Structure formats: structure tokens, C-alpha cells
């Protein structure tokens, strides 16, 4: 409850600051350009993006769950992230897939971690390319390029080390944990995750998920962003769409609802300013994207969650109890 309250305060403060610095009379002018007919293709493109997202999630789980349930977990989880704190939708996906398969939490957490690495690496690379295509060149962009490149290189170097020096890394971390009297805790809680990650890191397992990551962002999410730009009649090139998408994604990559809302608005507005466009347009567009995604994805989540409950009852399974506490969801193996 405290995290939800804190997140709400952060979002309200951030949005209040943004609105106080802008000419809100521009909102009325932009709103007159709305063309609601674009909401139809937006719904279709959003479903298409989530379908690609679900397919990748299915592959990362080694196809050890029916695609139907990988699809349901993704639609519900992404929608739940719109209103649950602490990436609660991602935690729900782990819980859901544990209930609907023989997969254990270490394998599911590994799949989720790889998903985040792929998303993080790709969207940062796409953001760098967008800056280059748009010809945005200043000290801040140079700094961003250097830092982003180092971060991406660091991520992949770490994965290579985990793959080929897995037991050595576990031995070193076990020794460090023993210095703090946490050896048993490390062996019980973390060591198996590192082993599972090392076993998962095989090149052939990455080829199709990496390709699907590119499709999900470039012709899934980017299509939705572009359609909403048409909705509010804001002209934008494809590299500009990718830059806005990058800014929005980075803005909510760590925080989630409700604190992510204010960060998302600020990030998208900053991308408009970076491209030399009106900040009021950026804030209005960010509000449009957030509202459209919130309504659509929340509706998806609620309807499909209710469907899942009914489906479980038809199959004679017990009621599913979900907790947001990671220690209960991930750290404890509960019986079906």
C-alpha cells in the first residue's frame, strides 16, 4: 500500500510539474485534430504486438507450456503492469505459467530475465540508430551513445561469462556470501538461478527470440505508436517514432504503475523537445498513448483473467491465489 501511495505521489508531482511549464492552450488546438477512426487499427496493432510478444515468451519457456496459456499470461501480465506496482504483471506471468505447466520458478525467472535483456539491448540499440538517422548531434547525445554502448557491451559480456564460467562464478559468489554468513541462503535462493541461466545461454535458443524481439518493437509497438500519431495528426518520420518509442520504453523499464506514468510522460515529452518539436504536442501525445494503452490493455487483462478463472473451473482445478509479494511468488514452491 505504501509503494502504491508513493508511486501515485511521484506521478502526480511529475505530471503537475510538466503541465505547469507548458502552454495548455495548445492542448485545445491539438485536440481539434483528433481522428477517432484510428482507434480501430490501434486496437488491431496492439493485439498484433502482444501476439509477437507472446510467441517469444512461449519460445523462451522452451515450448514447455501450451501456446494458448503463454498467450493468456502475456495479455493479462502486460495489462496488469498498467495498474499493479513493482512490475506486478511480470510476477503474475511467472505465477500463471507455473500454474499451467510443469515449469518451476527458476526456469521461468531465467526466461523472464532473458526477455528483459533482449528488450533492453534492442531498444537501446534502436534508440542509438534513431538518433543517428535524425542527425541529432550534441554533447548529451554523444554521452548517451557512449554510455548505452558500454551498457549493452557489459550485458553481453556478463552473459558470456555466465555461460562459460558458470561454476566458477557460483563458487566466487558462494565464497563472498559465506563471508557475510549467507552461504546457505545463497545456495538455496540464488545459485540455482545462475545455473539455469548458464544452461539456457545457448546460441540456437537466441536466434528466433532475437528476431521476434526486433519484429515486436519495429512492426508491433512502433506501428501502434505511429497510428496514435495519426490519431492526433502529428507528422512524424519512422526514425522519430522509434526515438519516441525508445524514450517511452526507457521511462517505464524499471518503474511500473502508478509511478511509471509521470516518468513516461516526461520521457516522451523530452524526445519531442530533442527533435525540435513543440513540448505541448509531446505531452499531449504522451497522454494519448498512456490513456489508450491503459484502457485497451486493462480491458484485455480483466476479460482474459476472468476467462482463465472460468476455464480453470471447467477443468476442475482449484481457485488460483495470486500474491504480489515476490518472496511468496518466486521464493516458495507451492503445491498445485
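Backbone N, Cα and C atoms are what each Cβ position is placed from, and that goes for glycine too.
Long-range contacts of the transmembrane segment (36-55) within the same chain, counting only residues at least 6 positions beyond its ends with a Cβ under 8 Å from a Cβ of the stretch, are 67, 70-71, 73-75, 78, 212, 215-216, 220-221, 223-224, 227-228, 230-231, 292-293, 296-297, 300. The transmembrane segment annotation in TrEMBL covers 36-55 (among others).
What TrEMBL records for 67-86 (among others) is transmembrane segment.
The transmembrane segment feature in TrEMBL is assigned to 117-136 (among others).
The list of residues near the transmembrane segment (143-165) in space but at least 6 beyond its ends in sequence, with Cβ under 8 angstroms from a Cβ of it, reads 117, 120-121, 124-125, 127-128, 131, 194, 197-198, 201. Annotation source TrEMBL lists transmembrane segment at 143-165 (among others).
Residues annotated as transmembrane segment in TrEMBL: 206-229 (among others).
Marked as transmembrane segment by TrEMBL: 241-264 (among others).
The transmembrane segment annotation in TrEMBL covers 284-310 (among others).
Sequence-distant contacts of the transmembrane segment (284-310) (same chain, at least 6 residues past either end, Cβ-Cβ under 8 Å): 26-27, 30-31, 39, 42-43, 46-47, 50, 72, 75-80, 82-83, 89, 96, 224-225, 228-229, 231-232, 234, 244, 248, 261, 264-265, 267-269, 272, 319-320.
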